[in-house]
Each structure stands twice: as C-alpha cells, then as structure tokens.
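J.: Can you read through this structure? Questions will come right after.
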Amino acid sequence: MFEIFTYLADWLVYGLLSLSPETKLGDALHFFVEDVSKIYVLLVVMIYLIALARASLDVERVRDFLAGRHRGVGYLLGSGFGAITPFCSCSSIPVFLGFTSAGIPVGITMAFLLTSPLINEVAVLLLLSLLGWKFTLLYVVVGMSVGILGGIFLDQIRAERWLQSFARKALERGQQGGPLTPSSAPRQLSFAERHSFARSETADIFGRVWKWVIIGVGLGAALHGFVPDGWIEAHLGNGQWWSVPAAVGLGIPLYSNATGVIPVMESLIQNGLPIGTTLAFCMSTVAASFPEFILLKQVMQWRLLVTLFALLLTAFTLVGWIFNLLTPFI
Amino acid sequence: MKQIKVLGSGCSKCIKTADIIAKVAADIGVEVNVIKETDPEAIMNHGVMSTPAVVIDDTVVHSGSIPSQDAIRSWLA
C-alpha cells in the first residue's frame with residue numbers, strides 16, 4: 001500500500017533529478033521525499049477521519065466526567081482522556097483551572113495534562129505505520145504510565161499546597177461544592193457539523209505540524225545518508241549507561257510535538273539507537289518545553305514547577321534504562 | 001457601546017479573534033470596545049476552559065475557536 005511513495009521518490013530523485021541511488025545525496029533525498037509524502041498523506045487522511053469520530057468530545061465534557069470520580073480510576077481516566085481529547089496547548093492553563101475549580105484533584109488534572117502532549121491519535125497511527133504495533137503499544141503504555149504515576153506522586157506529596165493562592169482557593173471551593181451539574185447537555189451533531197469540524201481540524205493540525213515533519217524527516221534523512229552504519233550503535237549503544245540521561249538532557253531544551261518527533265524516532269531506531277534511549281529522548285522533547293513551564297508559573301509556585309521538572313527528568317531517564325534492559329526480551 | 005472581551009492567553013488565535021470582531025463591527029457600523037483578557041484568574045471566573053472565548057456584556061457567547069463572521073454579526077445586531 002505504501003509502495004506508491006517509493007515509486008514517487010524513485011521518479012522524482014532518480015528520474016527527474018537524475019541522482020544515483022549509490023550516492024549519499026541521492027540516498028538521503030530519496031528517503032526524505034518518500035517519508036515526507038507518505039506522512040503528509042497519512043496525516044491528512046487520518047486527522048480528518050479521527051476528527052469526524054471525536055467531534056463531540058471536548059474538555060468541558062471530560063471535566064464533567066472526571067469531577068467527583070474516585071481517585072483510583074481518576075488517574076487512569078485522566079490520562080486516557082489526555083491521550084484522546086484535542087486541545088490547543090495554549091489552552092493548558094484554562095483547562096488546568098477549569099478542572100481545578102471543579103474540585104478535581106491536582107494529580108488527576110496533571111495525569112491529563114502530562115499525557116496529552118505525549119500521546120495523541122495522530123502520533124499513534126503514525127507510529128503504527130512507521131514502526132509497527134509492538135512499538136506503538138509500548139509507547140502508549142509508557143506514555144500513560146508516566147501520566148498516571150506522575151499524577152499519583154503529585155497527590156502523594158500534596159502538590160496542591162504549592163499552587164498559586166487563587167488556584168488553591170478555587171480547588172477548595174470546588175471540592176466543597178460537591179458534584180457539578182453538567183455544563184451542557186450532550187447534543188447530537190449532524191454529519192455536516194462533523195464534516196465542518198473535521199475539515200477545520202485537519203487544516204489547523206496540518207498547518208501546525210507540516211514543518212515539524214520536514215525537520216524530523218530531514219534529520220532522519222541526514223542520519224540515514226551521512227552517519228555511517230553502526231556508528232550510533234558503537235558509540236551510543238546499550239553499553240553506555242550515561243547515554244540515557246544525556247539523551248534526556250539534550251531533549252528537554254529541544255521542543256517538538258509528538259507528530260514531528262516520530263520520523264526522528266524511526267531513523268534513530270533504524271540506525272541502531274537502543275529503544276529505551278530513543279524513547280527517553282523523544283518523550284523529553286515532546287513533554288517538557290520551557291515556554292510551557294513558564295506559562296504554568298501563572299498557576300503554580302516555583303517549588304511545584306521544579307518538582308514537576310525533576311519528576312519528568314527522572315521518569316524519562318527511568319523509562320530509558322528500563323527499556324534498554326528489556327530490549328533483549330521484546 | 002458594547003463591551004467585548006476576548007479571553008485567551010495571547011496566542012495567535014486570540015489575537016485573530018479580536019481583530020476579526022473589530023473588523024466586522026466596523027463593517028456593519030456598530031461601535032464596540034474590544035479588549036483582550038489574558039489573566040488566568042479572570043478567564044477561570046468566566047468558567048471558560050477553551051480559548052479563545054468571547055464575552056459580551058459579561059455573558060460568554062463563544063469559546064474554543066475563532067468565531068465565524070456570521071456569528072459575530074448576530075451578536076452585534
């Protein structure tokens with residue numbers, strides 16, 4: 001089914017530009033054209049279809065659903081909804097406050113917000129088509145676990161102490177208020193409404209993501225064409241325990257969204273970087289970004305921000321080490 | 001004069017929303033005062049979770065996207 005993109009790249013790179021497959025440039029360019037065209041087509045089709053299906057899911061509904069839940073299932077549900085609910089990262093703060101003022105514990109809210117950038121349906125489908133179902137399953141389980149365990153940890157240390165005072169008061173009011181009445185009755189959407197939502201979602205997400213795909217695949221193509229086979233394995237392979245924290249340290253200041261980082265993951269793994277190190281690098285690129293942390297300052301005190309940062313660093317490093325150890329068994 | 005608040009953290013969609021409201025108001029000759037509200041506490045007090053949102057005379061009329069020109073006309077009429 002995907003051969004058509006190989007033919008396209010053959011035609012364009014070897015035919016039209018008459019580059020030889022034997023040269024590094026030809027090889028790298030072929031890889032670039034094939035992957036970018038494939039990912040673009042997959043993205044447009046998948047974003048549209050998925051948006052069609054989830055047109056009626058929004059953060060307001062998720063809040064109404066999560067409010068008053070038992071904590072145990074709350075973390076799991078929070079993280080699960082974080083994975084599938086669409087919202088713009090510029091809405092993180094209003095979402096945080098909306099959940100908080102409904103009395104939802106900070107840990108459950110953070111399970112939602114931590115999982116959200118790590119997993120989204122587009123990333124999952126791209127992973128499936130580029131790296132196969134085993135890796136995809138692994139990625140989803142790890143991403144949700146980081147969200148769930150992170151949320152439990154934050155509630156254990158009573159992180160709500162370190163919210164900004166207006167947010168803490170809103171949480172207390174919300175918890176005394178008892179269960180909310182749903183803010184809006186679920187309503188049926190017509191197909192035309194779903195189509196129009198799906199079309200604008202596709203334009204919106206594609207508009208944000210296309211450049212990340214080019215950067216991601218470009219890096220992948222450079223690795224593919226110019227880094228000698230076996231170099232990564234020899235220098236950053238399993239033997240070097242420090243390569244995982246180094247990957248996390250490198251990933252944090254870099255920021256990409258999950259869709260853009262997947263082509264990089266693909267080429268890193270194919271070039272022999274161990275799975276754990278790859279996961280650690282990519283998750284830290286996606287989940288932790290400085291601009292996002294600066295925004296969170298509006299609702300959290302420094303102590304909580306630093307705690308959260310340290311939590312993510314530790315979590316991704318552990319993920320890396322554990323999966324490098326497990327690789328022989330996967 | 002109608003007081004219109006655009007709630008949002010200052011992202012590009014919020015700026016576009018404020019611009020388009022001002023433009024539609026000018027087109028149909030309604031005097032409006034559009035202000036951008038970026039304070040998270042104020043946004044929370046309006047009960048809004050998806051930005052950009054539009055508040056006219058203290059009522060939330062829209063949230064979660066850039067409103068369509070038709071919708072804006074109907075609020076201003």
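Each residue, glycine too, has its Cβ placed from N, Cα and C.
Annotations in TrEMBL come from automatic prediction, not curation.
Pasting the relevant annotations from TrEMBL:
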TRANSMEM  A:39-57  transmembrane segment
TRANSMEM  A:77-99  transmembrane segment
TRANSMEM  A:111-131  transmembrane segment
TRANSMEM  A:137-154  transmembrane segment
TRANSMEM  A:209-227  transmembrane segment
TRANSMEM  A:239-256  transmembrane segment
TRANSMEM  A:268-290  transmembrane segment
TRANSMEM  A:302-326  transmembrane segment
J.: In terms of Cβ proximity under 8 Å, which residues at least six beyond the ends of the transmembrane segment (A:302-326) contact it?
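T.: Residues 110, 114, 138, 142, 146, 149-150, 153-154, 157, 159, 162-163, 238, 241, 244-245, 247-248, 251-252, 274-277, 279-281, 283-284, 287-288, 293, 296 contact the transmembrane segment (A:302-326) from elsewhere in the chain.
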J.: Report, as numbers and ranges, which residues of the same chain sit near the transmembrane segment (A:137-154): CB under 8 Å and 6 or more residues beyond its ends.
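T.: Same-chain residues near the transmembrane segment (A:137-154) but 6 or more away: 75-76, 78-80, 82-83, 106-112, 114-115, 118-119, 124, 127, 275, 279, 283, 287, 307-308, 311-312, 315-316, 319, 323, 330.
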J.: Any chance you could find the range in A:39-57, A:111-131, A:209-227, A:268-290 with the most Cβ pairs under 8 Å to the transmembrane segment (A:239-256)?
T.: A:268-290
